[in-house]
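What TrEMBL says about this one:
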| type | residues | note |
| --- | --- | --- |
| REGION | 27-56 | region 'Disordered' |
| COMPBIAS | 32-47 | compositional bias 'Basic and acidic residues' |
| TRANSMEM | 70-88 | transmembrane segment |
| BINDING | 76, 79, 83, 341, 470, 474 | Na(+) binding site |
| TRANSMEM | 100-121 | transmembrane segment |
| TRANSMEM | 142-169 | transmembrane segment |
| TRANSMEM | 226-247 | transmembrane segment |
| TRANSMEM | 259-282 | transmembrane segment |
| TRANSMEM | 302-323 | transmembrane segment |
| TRANSMEM | 335-356 | transmembrane segment |
| TRANSMEM | 458-483 | transmembrane segment |
| TRANSMEM | 495-513 | transmembrane segment |
| TRANSMEM | 533-550 | transmembrane segment |
| TRANSMEM | 571-594 | transmembrane segment |
| TRANSMEM | 614-639 | transmembrane segment |
| REGION | 674-707 | region 'Disordered' |
| COMPBIAS | 696-706 | compositional bias 'Polar residues' |
């Protein structure tokens, strides 16, 4: 309540409790006592202060130590492994530099507006995802539960990737690196190169055989890979220790986990630009292919990347922003974090293609040497005439340009029988056009390039430490999207919940460290998040704009920020973003229907990947992942719509207020148009009955405005009181 306001005169009926009446009527005479008092809708389940039983000490909701710490947390959550191994692949595949145009357009249309929306609702209501959507509409409370389920699914396999990175990090303290050369096999008579490695490459063999020890199909479990099991346990221990105290512990770690990847990326960029052939990679990367930009597929993939790059729908964004002060400028935060994310992706793309350009040059040099030897053999055998070869060509030190000249001459002269000669063109562009993403980029292509670096163990340690930090930053936000809503809703101890969550996730995650675990990672990555998160964000947009009310939301933003947000956001939220999201949802469903469900299995005999369709039980698991992720939405809607659960003692949707600041909203007010405030001051009754009215509006008094969702909200009532300073709201 305001500290210096006039006495609010209200006529009270017989149900008013005397102590409250005296408190209100004697405000002037006991002003000091009144200033220290609190008007609070009591609900022990969820309020802005945690009062331990039998204690008068109130622990305020945790807050960030500084604005920098908060920004780093949001950056760490949004900037993840996808910026390093997904964005460069999409940029290369979808028109090079031209891909940046649709990406930036979609960042402005759906990325920043929806990111701003999540930041604003978290900061306004100061709750995790469950509490936020319960407050806006109890019937849509399932949105928050769905976000938690998706976060849990993603955390299960995302931490496995951190475990892989930890394994490679631990193996990088060797010279030469263990994936530098193919291993030798000895038998009774002689020593030879491992056949599986000889057919593929040293880095590919190390990844599939030494690291994963992968099986040949999803159905072939092969038992646990003990090395990866230990790494997975280490990853979950790190996450648990970092998150056990909430933002008090994870916030401090953000200074390292969020900033260190930028140090590594800058070091790699400087080192990469000094490598032979790096300019070829960067030039290839940013050469725009404008015709590709017009394809609908490019826009769909750009929209999907924008959507997931910012972590929309996970609940982590809402959870982090809920620890902010109510007057924090979340609009500035949304724009800043979004563009930091974008420029990080561009920086990572420069690094990746500088290194891949260097790798392509090395492979191209080997190709030129091997094919030059073939030409010499053909000349000796008489299949080619010496007259074809220009006089200045020296095969002992032939350059790529000279080889291409000889290749073109032979192709023209021996046009009919050229294919039988078995010569390759050896073009750098051919190597750079081989699109690599995900684990193939990080654990195969990049590791191979680093074997050619001077002081390769140092760069390998730096690279995988960077991957661990990128992964941990995203994991903190993902786990926060699970922990914060549950703690806010059910008032469990955060330390206990964090330990239980990490233990359960570790034991379930053992399916990912079987020999067939990589195939399950692919399954979860493809099916557990994409469609459910799109549906979640669409419902978030509808809940705020249609149910809460776009006009009221804009007023709230003006109250929080101290200025009116641009009308640009009004039209984006109300019209453009929902339309684009629906189009993206339909396109994703169509794409999923057209793409055969399956995975790439590693075949040991041929040392190649082979596409396999999911078995029947695998398809059931894929469908179950999508259904389970979105199932809380209809379940909660039906439970609340049909009143299947009694909320008379307080519920997840209830909210109390302290000094004009939203804490918890009263529930069960529909059907009781005279009900204003429920509960008693904690100082009056140790265990108040939430459902009992303390005082009511007098019959015939002016009708009070209701919240946009049709329920009374004290926040709105207090805002309409006369002589109330706006700063106290």
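Here the Cβ of each residue, glycine as well, is placed from N, Cα and C on the backbone.
Sequence features annotated in TrEMBL and their locations in the structure.
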residue : record             : Cβ contacts under 8 Å, 6 or more apart
76      : Na(+) binding site : 254, 257, 258, 472, 473, 474, 476, 477
79      : Na(+) binding site : 258, 261, 340, 341, 344, 470, 473, 474
83      : Na(+) binding site : 309, 341, 344, 345, 348, 470
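Note on the binding-site residues 341, 474: the fewest other CB atoms within 10 A surround the CB of 341. Sequence-distant neighbours of the transmembrane segment (302-323) (same chain, 6+ residues past either end, Cβ-Cβ under 8 Å): 61-64, 70, 73-74, 77-78, 82-83, 86-87, 90, 94, 99, 102-103, 106-107, 110-111, 114-115, 118-123, 125-129, 132, 144, 147-148, 150-151, 154, 247, 330, 333, 337-338, 341, 345, 474, 476-478, 480-485, 488, 529-530, 533-534, 536-537, 540, 580, 584, 588.
If you look at the transmembrane segment (226-247), the same-chain residues 6 or more away from its ends with a CB under 8 A from one of its CBs are 62-64, 73, 159-160, 162-164, 166-167, 170, 211-212, 253, 320, 323, 472, 475-476, 479-480, 483-484, 494-495, 498-499, 502-503, 505-506, 509-510, 512-513, 517. Sequence-distant contacts of the transmembrane segment (458-483), counting only residues of its own chain at least 6 positions beyond either end whose CB sits under 8 Å from a CB of the stretch, comprise 73-81, 83-84, 128-129, 147-148, 151-152, 154-155, 158-159, 161-162, 165-166, 168-169, 172-173, 177, 238-239, 242-243, 246-247, 250, 253-254, 256-258, 260-261, 264-265, 267-268, 271, 311, 314-320, 442, 446-447, 450, 494, 497-498, 501-502.
Summary of the Na(+) site environment: with the site residues 76, 79, 83, 341, 470, 474 set aside, the chain residues having Cβ atoms within 8 Å of the Cβ mean position are 75, 77, 78, 80, 81, 82, 258, 261, 344, 473. The stretch with the most CB contacts under 8 Å to the transmembrane segment (533-550), chosen from 100-121, 335-356, 495-513, 571-594, is 571-594. Most Cβ pairs under 8 Å to the transmembrane segment (70-88), among the stretches 100-121, 142-169, 335-356, 495-513, 614-639, belong to 335-356. Only sequence-distant pairs (6 or more apart) were considered; of these, at least three Cβ pairs between the transmembrane segment (100-121) and the transmembrane segment (335-356) are under 8 A, so the stretches are in contact. For the transmembrane segment (571-594), the residues of the chain that approach it from at least six positions outside its boundaries are 106, 109-110, 113-114, 117, 296, 300, 303-304, 307, 530-531, 534-535, 537-538, 541-542, 544-545, 550, 553, judged by C-beta separation under 8 angstroms.
If you look at the transmembrane segment (335-356), the same-chain residues 6 or more away from its ends with a CB under 8 A from one of its CBs are 71, 74-75, 78-79, 83-85, 87-88, 91-92, 100, 103-104, 107, 111-112, 115-116, 262, 265-266, 268-269, 272-273, 275, 278, 281-282, 284-285, 309-310, 432, 436, 441, 445-446, 449-450. Long-range neighbours of the transmembrane segment (142-169) within the same chain, counting only residues 6 or more positions beyond its ends whose Cβ lies under 8 Å from a Cβ of the stretch, are 81, 128-134, 211, 227-228, 231-232, 234-236, 238-239, 313-316, 439, 442-443, 447, 460-461, 464-465, 467-468, 471-472, 474-475, 478-479, 481-482, 485-486, 505, 508-509, 512-513, 517, 520-521, 524-525, 528-529, 532-533, 535-536, 539-540, 543, 625, 628-637.
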